[in-house]
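The annotation repeat 'Solcar' is assigned in TrEMBL to 12-100, 109-197, 205-287.
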Amino acid sequence: MSPPSGANDSKTPPIVSLLAGGVAGGIEAAASYPFEFAKTRVQLRSQKGVPTPKNPFLVVSQVYHSEGLRALYKGCGALVVGSIAKDGVRFLFFDAIKNSFADPVTGTTSPLRNLLGGMTAGVVASITAVTPTERIKTALIDDARTEKRFRGGLHATKVIWQEGGILGLYRGFAGTTLKQASATAFRMGTYNILKDFETVRDIPQTTATNFANGSVAGVVTTLCTQPFDVIKTRSQSAQGASTVEAVKSVWLDYGVKGFWRGTTMRLGRTVFSGGILFTSYEAVASVLNPMFAVVKEKLPIDG
């Protein structure tokens, strides 16, 4: 039995996965950065006796009035660059795994393989892009509220490299990789499970559907992976800390509830950003796929 239209014949080429994922990641990071800023501020260690607001809009408002608009985008450049690389790599590896294991008739993948594909993509992304860029972003946000010794992303990178070398840039690698592996598994896995469910039932993949699927994936991801995100943030503060030290500091400061600190703010970002990420990816891929299909037809192919 031959596969139906839209199954194997619609596999996304690797170059499209890389480019569309990179563009989508950059758009998502820039659009949702104030929420990321607020979440990171709350997760970093605060002064004793000084309450930290849990409302992301209040955090953003306070920083805006006391430090100005530029402060809200401190570290944004590092995150955007990292997101372009991170999501390019994540979609590249995830789509490659999904294409390899997709059902030849329906073009869908089992839920377990969706999750395993996402986990693999997350580990690769953490090694190649996420850990160093997250380290720089977090250090910039932390430094802006304390010592103010970093002049920008490049200066922070230089200082961190001089003080700790490659290990300084990869501070928090364990926590970041755990977060990326689990977050990518749940985010991309959930999105594609929903998409495959809809595809089998002939539910149209519209912009609204893509956004809704991405938002649901964002909620699932946040609730399941928040402890890893908190540990990662503590590890990657301006001074840095080992994963064990980060876990201990969260426990001493807030107890078990501390590992879900910033959940509300991260939910605000991931619901919004999940919708943007997957909607942008599908839109860019829909433009690039026909272009590369034409190029492929014109190129001489042996065999």
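Glycine residues also receive a Cβ, built from the backbone N, Cα and C atoms like all the rest.
Remember, predicted model here, so these are calculated numbers, not experimental data.
If you average pLDDT over the repeat 'Solcar' (12-100) in this model, you get 82.
Here the repeat 'Solcar' (109-197) has, by DSSP, the following mix of helix, strand and coil residues: 77 helix, 0 strand, 12 coil. In terms of DSSP secondary structure, the repeat 'Solcar' (12-100) contains 71 helix, 0 strand, 18 coil. The repeat 'Solcar' (205-287): residue composition by secondary structure is 72 helix, 0 strand, 11 coil, according to DSSP.
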